[in-house]
Structures are given as structure tokens and as C-alpha cells.
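Enquirer: So TrEMBL lists the following for this protein:
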DOMAIN    B:9-279  domain 'Thiolase N-terminal'
ACT_SITE  B:92  active site, acyl-thioester intermediate
DOMAIN    B:289-436  domain 'Thiolase C-terminal'
ACT_SITE  B:386  active site, proton acceptor
ACT_SITE  B:424  active site, proton acceptor
């Protein structure tokens with residue numbers, strides 16, 4: 001699936017026309033080359049900036065980046081012909097909104113010298129939760145910390161040439177050397193996060209561990225992906241396998257032909273199974289255990305669409321959709337609970353949708369199921385943490401798949417242009433985020449919903 | 001003697017749904033179909049990139065360009081390209097013979113893991129040109145000068161251009177398979193009703209098996225088909241009774257009883273079976289659905305008319321039973337390929353007939369009868385279709401799974417369930433095989 005507009009306006013006469021008319025000119029995003037994963041990690045030197053109260057932590061971060069052989073700098077001046085690969089803004093010490101000004105403006109001075117598909121990444125602390133006692137929270141601290149939210153989202157909207165701006169939000173007590181801070185930083189720096197834009201990812205704890213091999217962090221893991229025959233599911237299977245996991249792909253028997261092709265491509269096992277069957281999870285677990293001894297990662301990707309406005313909605317459309325999209329994952333999780341792990345730490349990753357966050361006309365059933373996934377994920381966080389694991393969701397925005405190819409051309413183009421990156425994402429973009437959340441270094445990210453939407457202008 | 005060698009384990013089967021001739025698979029040939037069936041098997045068991053010790057398969061209707069069909073299929077599949085392959089052929093017994101070939105190599109320690117299978121397309125069947133045209137073309141291709149070439153080509157006459165269409169006729173008798181079976185059907189006085197009942201059961205049992213998901217791990221959909229195209233879940237005895245006889249109309253003193261409903265349709269399809277020694281399977285956590293215990297082939301003298309063309313099973317089965325000291329009543333499942341409903345019925349009638357068993361088999365009494373509730377329990381070729389060389393693999397995959405589900409025999413207390421396969425073939429041949437349920441790994 002490709003965006004013809006994007007291909008045509010990248011160069012040649014139509015590029016000139018588009019520029020003159022002020023039409024969107026989306027950039028070709030830097031994505032992972034499967035033959036040289038994470039090489040180079042970023043397209044240029046990495047600048048680490050900080051507010052005054054964060055210089056010590058900024059130094060720790062900068063030193064940590066050297067482990068990955070990056071060209072790390074602290075001085076924001078750059079020779080004219082050079083381009084920054086990334087700018088990291090460490091704001092963990094902010095205590096008053098006024099302290100944001102200096103580092104923000106210093107970041108601003110570097111923006112004209114960013115490479116294509118460069119990265120702006122903030123590190124900040126989570127705003128304290130409202131306390132019951134009248135003197136529990138300092139309003140200035142809360143304002144400073146939550147201020148980063150609006151700052152990152154706006155910066156993302158001002159970026160050009162495939163550059164993204166995202167933030168990691170550290171819970172109180174989480175060191176900047178925690179596995180998921182380092183892991184999250186690496187993910188956001190890399191081409192793996194090409195279509196993640198304008199997002200703030202919460203690192204809630206110091207759980208997790210750095211992988212033995214950053215390029216193949218899923219070595220030793222066994223994963224199951226539902227709905228693996230085509231589209232996003234097929235790419236999830238491929239990226240998990242690329243990252244070292246052994247993969248079982250599940251899809252309905254009728255999709256078996258495509259499933260076999262996909263699983264042979266990734267060297268996995270094809271399981272023709274309807275996930276709404278009562279014993280679906282038992283059969284998956286049994287297969288994983290008999291072949292590999294354990295099951296570590298579950299990706300609930302299978303989903304269907306049954307669009308109708310609510311006035312025209314029928315019971316069969318509503319019920320069939322809920323059965324596949326949310327009832328099946330709920331039932332399967334009951335079986336998987338306590339049974340995952342043994343190779344790597346347990347992970348449950350579910351596919352949500354921006355429709356589940358912002359709503360979407362004609363998708364009352366779909367949006368309810370996908371918002372349900374977000375709720376389910378939050379509720380799973382604590383029990384999964386107890387078992388040393390995590391549950392997270394990934395919410396794709398407009399992704400170029402067979403499914404979205406059936407949308408009429410004009411609404412389809414409008415949907416693409418409704419994101420800061422002015423294009424649809426590729427299935428691999430969603431898969432990369434799933435693979436990151438599945439990795440050992442993501443163990444401190446739990447109960448979250450990470451959007452992969454190019455900063456689609458709906459919802460948060 | 002079965003205990004002196006190791007037994008080959010059947011890990012699982014995979015086939016594509018069988019299509020009707022000239023329909024869903026009308027535009028694809030044997031190579032594509034067999035590759036699809038093999039790749040589905042590879043995906044089911046996670047064998048992409050693995051080097052197997054042998055892939056044996058064949059086709060009955062084969063283009064001359066497909067001289068190395070199975071090896072070409074392997075090269076186009078997800079398997080390691082260093083996997084060797086062999087083509088073989090025993091008419092409609094090809095698929096079962098291929099499974100047997102691999103099983104025997106495993107039993108002898110010559111291979112640890114292999115695939116047996118088969119494929120046939122009646123849609124993409126080779127058309128033979130006339131002998132005169134073929135000879136003229138060969139002369140032209142050998143010609144050294146333009147003049148010689150023109151001279152060779154100028155010898156072609158318009159009549160030489162008419163193609164020789166493929167048929168299922170026996171070269172030595174000129175009779176089609178259906179006409180041969182009609183003679184046997186008449187000899188054993190098999191009624192139209194009995195044949196229609198076999199056909200009715202075949203469709204209903206196959207449909208029920210699909211409904212309960214039995215084929216979810218035996219079939220990989222292909223080109224839009226996810227069920228066998230010939231399957232008629234709603235067929236009835238009344239509907240079957242309305243069909244006009246197509247075979248046996250020339251036989252004097254006998255009513256023609258064989259119709260399109262109780263004869264297998266021409267079909268396209270492919271099937272594969274994964275076999276291994278149990279150690280190999282155990283190392284990979286693969287299931288052992290069943291074991292190959294023994295096999296027997298036989299042929300009849302159909303040319304002289306002494307015996308029917310498709311009656312080989314009535315000779316192979318008793319030999320197999322005798323060697324394994326078993327009776328028909330001890331099998332939890334019996335699979336007799338439904339070339340025609342009458343083939344099943346004449347084979348069973350012969351095994352029940354005292355005179356036949358004494359005079360033809362030299363036994364003291366009848367071999368015995370088969371409980372119809374244990375015969376072709378998930379349907380057979382009448383409903384699924386019969387792409388000649390693909391039938392053996394279909395039956396082995398199905399029976400192995402049935403045996404695995406059953407586990408312990410209902411008939412032989414505390415013993416693993418056993419199943420019998422009989423597939424008749426052109427040339428008066430038959431291949432039979434004895435399988436036993438394997439334990440789960």
C-alpha cells in the first residue's frame with residue numbers, strides 16, 4: 001500500500017506545483033533497514049541540552065549514549081554544513097514553568113540545523129497526582145511538569161522533513177539510568193519510532209532490564225500474534241522475528257493461505273484458529289509449550305470492522321465486532337494470566353486505535369471495543385507487574401493497509417494530511433512499537449497506550 | 001516382523017481444498033498446487049528453512065516439462081533448497097505409495113524426516129498431439145538445413161493437428177475406469193440404493209467434519225477455496241436417486257446403477273504428509289499423530305476379465321491382515337477410497353463372501369465385514385473429490401488425526417487404535433496401509 005501523492009510530490013515537477021500552492025509535502029521517513037538494524041541509530045550527532053536544575057542528570061544521560069557509539073555533544077553550536085541527528089532536552093529538574101524558557105529557546109536555535117527524520121526528545125518528571133490534603137502538591141511544580149506536555153506536542157507540530165518530537169515522562173524515583181528510560185530513549189532516537197510523533201510515554205518504574213543485544217532484544221522470547229495473516233499483524237510477526245523472537249501466527253482458518261506465506265517468511269508457525277473459540281488460549285499455550293517450552297509475549301492484534309452509524313447499527317454487527325475485538329482478548333487473558341514467561345518477561349500488548357481515543361463517525365462499536373482495550377490494559381498493569389511483566393496497548397492512527405485502501409480516495413487523502421507528518425503510517429511502524437513494548441528494556445512502561453499516528457490531530 | 005524396525009511417525013498432514021475440474025484451480029498447474037500444499041505444511045510445523053531428508057510425491061497426469069516436478073516444487077517452497085526430492089507414480093495409489101516410500105526410508109534409518117504427497121490437475125491435463133505431428137516436429141527439430149526443416153514440416157496434414165484428448169481408459173482393454181467398475185458392480189449385483197447411501201454418507205460426514213473444525217489443521221485454503229468444491233452438504237437420497245446412470249449402460253442383463261452422484265468427480269488438488277522418526281519429532285516438540293505399521297500392494301488380472309480392475313483392495317487387505325494377525329473387526333477406522341461408491345461396496349462384498357475368500361484368496365472362510373460406522377467416518381472421495389495422486393495424502397492425514405483423537409482403541413482394550421487404508425488404482429492395482437494411533441508428545 002502506498003501514498004501516490006507522497007511519491008509524486010517528493011521530487012520532480014509536481015513537487016514544485018505542490019510547493020507553490022502551499023499543499024502538504026510529506027517527507028519520506030527514515031525506517032529500519034532489516035539488513036542493518038539500528039545502523040546508524042540516528043542520522044547525525046546527538047545534542048544533549050538541559051534546564052539548570054537537570055545538568056547532572058543530563059550528563060549521566062550523555063555518558064550513557066556513548067555506550068551506543070553516538071557522537072554526543074553538549075554545545076549547541078554546529079558548523080553550518082552539519083545537521084543534528086537528535087536533540088535531547090533533559091527537563092527532569094524543572095520546578096517552575098519559567099525555568100523552561102532557556103532550554104526551550106536553545107532547542108529552538110538548533111531546529112534549522114536538523115537532519116531529515118531527526119529526533120527531538122524531552123525527558124521530564126510526571127506531574128504529581130492531586131493529593132487529598134490542601135498542602136499536598138506545589139502548584140508551580142505541577143505546572144512546570146505538565147507544561148512539558150503542551151511544549152512537546154507543539155514542537156512536534158512545527159517539525160519538518162520527517163522529524164518527530166516525543167517525550168519520556170519519568171515517575172518520581174525513576175532514575176535516568178533505569179532500563180526503560182535508556183530503552184525508551186533508544187527507541188525514540190532510532191528509525192523504529194518513525195511514525196511515533198507528539199507522544200509522551202510514561203516510564204512508571206525501574207522494572208525491566210537492558211537486553212544482552214540491543215539489536216536483537218527479543219532473543220529467547222516466544223511470541224504469539226493474533227490476526228497475523230496480513231497487514232499490521234503480519235508486520236508485527238516479522239519485526240518480532242527480526243528482533244529475535246520465535247513467533248506463532250494465529251488467524252482464522254479462512255485466512256490460512258496468507259498466514260502460511262507470512263509465517264514461512266518469518267520462520268514461524270502458522271496456527272489456523274478462530275480466537276473466539278472457547279479454548280483458543282489453551283490451544284495457543286499448548287502449541288507454544290510443546291514446541292518451545294514457554295510463551296512470553298501475547299500480541300492481541302486480531303480485529304474486525306463493522307462500520308455503520310449508530311442509527312443504522314444492527315445487533316449482529318455490534319456483537320460480532322465486540323466478540324472478536326475485546327471479548328476474545330479478555331477471555332484469552334484469563335487463561336494466559338500466570339502462564340506467560342519463562343523465556344523473557346511476560347508481555348501482553350493489545351492493539352487499540354485512535355478511534356478508541358477520539359471516537360470516529362460510523363464506528364460506535366469499533367471505538368467502544370478499542371477504548372475497551374485501553375481500559376483492559378490499564379487494569380492488567382498491576383497484576384502483570386506482580387508477575388514481573390507488563391501490559392500495554394498501541395493505538396495506530398491512519399496506517400496504509402488493505403483495510404484503509406478501501407476508504408474512498410478523498411477522505412483517505414484527508415486522513416493522511418490530518419497528521420503532523422502529513423502521511424499515513426506503514427504497518428511496520430506499528431510493529432516496531434509493539435516490538436519495543438515487548439522487549440526487556442520496556443519493563444518499566446506498564447498500563448500505557450502508545451499512539452503510532454504521526455501525531456494525528458484527533459484526541460491526545 | 002513389524003517390530004524388527006523402527007516405525008515412521010506421522011506428524012501431520014496438509015492439503016489444499018480440492019477443486020472441481022476447470023473451476024477454482026483451472027488456471028494453475030501441478031507445480032503451483034503442490035507447492036501451496038507443501039508450504040502450508042511447512043508453515044504449520046514451523047519448518048521454513050529446514051533441510052528435510054526426502055520429499056517424495058508424484059502426479060498421474062503429468063506434463064513432460066514436469067519431469068522433475070517434486071524437486072522443482074521443493075525449490076519453489078520455503079524449505080531449504082538442499083532438500084532432495086523424488087517423483088514417483090502408481091496411478092491413483094501414487095500419494096499413498098509416496099507416503100510409504102518415505103515411511104520405509106525412515107523405518108530403515110535412511111531418513112529421519114520427510115514428506116510424502118501427490119498432486120493432480122484434470123484442468124491442466126497434458127494434451128497429446130497425434131503421432132504423425134509429433135514425429136514431423138521431432139524431424140524438423142533435428143533438421144540441419146532450412147530445406148530439410150521445410151520438408152519435415154510440409155509432411156504435416158490437417159488431420160494430424162487434432163489433439164488426442166486425455167481419458168481414463170485402460171490401454172489394454174479400451175474401457176474407461178467407470179465401465180470397468182460397472183462390470184464388477186454387475187458381477188456383485190450392487191444396488192443403486194446401496195451406492196447412493198455411500199455417496200450420501202460421504203457428503204454429510206465430510207460436511208460435519210468441516211463444521212466441527214476437524215480440517216482446521218489439515219487444510220490450508222488456496223485461491224479463494226477453503227472447502228472442497230465438490231462437497232454438497234445438502235444432498236439427499238432423493239436428489240441422488242434422480243440422477244441418470246452414466247456407466248454400465250451397455251451391459252446386458254444388468255441395470256445401470258452408476259451415476260455422477262455415486263462416482264467421483266474429476267478434480268484438482270494436492271496433499272502432503274510429514275513423517276519423521278520419533279526422536280526427531282521429540283526433539284522439536286512435534287506431535288506423533290500415528291505410526292505407519294505396515295503396508296501391502298496387490299494387482300489383479302483385469303485384462304483377461306478374471307477379476308475387476310478396481311478390486312486390488314480385496315487381495316491386498318487380507319494379506320495385510322494375515323501378516324499383522326488382525327481381523328477387520330479390530331479396526332477403529334477403515335478408509336476405503338471411494339473411486340466409485342460401488343468400488344467400496346464390491347470390495348466389502350468380496351471380503352464378506354465365503355466363496356471368493358476360499359477360491360480367490362485360498363482362505364478357510366470369509367475375511368469378515370466392516371462396521372459401516374467405522375468406514376470413511378469423515379467422508380471420502382465422493383464428497384471431497386479425487387485429484388488422483390493427492391488422494392493418498394488426504395486419507396493418511398485424515399486417518400492419522402482420527403487415530404490421534406481416538407487414542408486408545410474401542411475394540412482392542414488398552415491398545416492404541418488402529419486404522420486401515422485401501423486405495424485402488426488403474427492397472428488393477430491397490431495400495432493398502434495399516435496405521436496405529438501415536439501418543440501425544
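Note: Cβ is positioned from N, Cα and C throughout, glycine not excepted.
A quick note: this is a predicted structure, and the numbers were derived from the prediction, not measured.
Give me the local environment of each listed feature.
Expert: Counting only same-chain residues at least 6 apart in sequence, those with a Cβ under 8 Å from the Cβ of residue B:92 (active site, acyl-thioester intermediate) are B:60, B:337, B:339, B:386, B:388, B:389, B:391, B:423, B:424, B:425, B:426.
Taken together, the residues of the domain 'Thiolase C-terminal' (B:289-436) have an average pLDDT of 97.
Neighbours of residue B:386 (active site, proton acceptor), defined as other CB atoms within 10 A of its CB across all chains, total 27.
Reduced to three states, the DSSP call for residue B:424 (active site, proton acceptor) is strand.
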Enquirer: With DSSP, how much of the domain 'Thiolase C-terminal' (B:289-436) is helix, how much strand and how much coil, in residues?
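Expert: The breakdown for the domain 'Thiolase C-terminal' (B:289-436) reads 61 helix, 34 strand, 53 coil.
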